[in-house]
Amino acid sequence: MTSSLYQQHLLSIQDLDRTKIDLIITTALNFKKNKTHKSLSQLLENKIIASCFYEASTRTRLSFEAAALKLGAKIIGFADARNTSTSKGETLEDSMRIIALYANAIILRHPQEGAAKRTANVSHIPILNAGDGSNQHPTQALLDLVTIIEKHNTLDDLHIGFSGDLKYGRTVHSLVEALIHYQPACLYFISDDSLQIPEYLIKKLDKNNINYKKSHILSNYLDQLDVIYMTRLQKERFGNTPDDYNHNLCLTIDKLENSKKQLQILHPLPRGNEINPAVDHTPYAHYFHQAENGLYTRQALLALTLADNIPTFNNKLN
């Protein structure tokens, strides 16, 4: 029996309601728990996944490709659009029309906002958005949710902070929109005024009666948080760094002195200097574990999108 996500595009986290998000989370955690099960390696046999990355990527591209390979699929595609007919002037739409003839799904990363939607408009196969400009990164939000629930056993009643580049950081935008489906105790947006969370997201939080606070100093709220989601400056999307950014928004050992025992530090990576490397050795650091969960989350998404049947493994998660 196919899932409710079968043959569906994933262009934005807005494409998913809470039921579908919960399905992906449960499937990802089941796949992780049963990662050596033989049935997983055969789930997408005879499927071809096109991995099309017009923008640099390490974790997203490699975890998507590893996820497909571990499910038995084959990979075609490119990691540098300069080696494609794009360099000859071919449009995104024409390129994707052709690639869709050769594959069962397309994973697309592109620097332009709306590129995934443009591709979906001309594709007869599922498009999975791996990031489009500063717009959306839905699969990152999903793996973030998997990582949070794996530690806290819930996505409700948590104090969750976001620090860094909240204006251009697509991972932040997608995660905030995903959390609207749940009941966080409060969201904290900690950034320089020039890089604060976009107003359209504030309006959505207001509409859904979700509490939030703003600050430009990380230490103001750090001791109240269950989760702090750090992000780097999106230097490829804007110009100068605010002068006081390093002092106010960088996470160091001394700032963790009064943190909750269960504090979870997340970061979509790559990082700049917003997390001091000494923090890596604390029990709060979960960002490398978070990256690992990208594999299982993307396995779950590919399976739910393309597989005729999803194995249940005869066990349930707590």
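Count begins at 1; order follows the chain as displayed.
Quick reminder: no glycine exception, Cβ is built from N, Cα and C everywhere.
TrEMBL does not curate its annotations; it predicts them automatically.
Source: prediction; values computed, not measured.
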From the candidates R82, R109, R118, give the one listed by TrEMBL for the same carbamoyl phosphate site as R59, T60, H137, Q140, L269, P270. R109
Helix, strand or coil at R170 (L-aspartate binding site), per DSSP? helix
Find the shortest Cα-Cα separation between R109 (carbamoyl phosphate binding site) and the binding-site residues K88, R170, R232, and name the residue that gives it. R170
Taking R170, R232 as the binding-site residues to compare, which has the smallest set of other Cβ atoms within 10 Å? R232
If we check Cα distances from R170 (L-aspartate binding site), which of the binding-site residues R59, T60, Q140, L269, P270 wins as closest? Q140
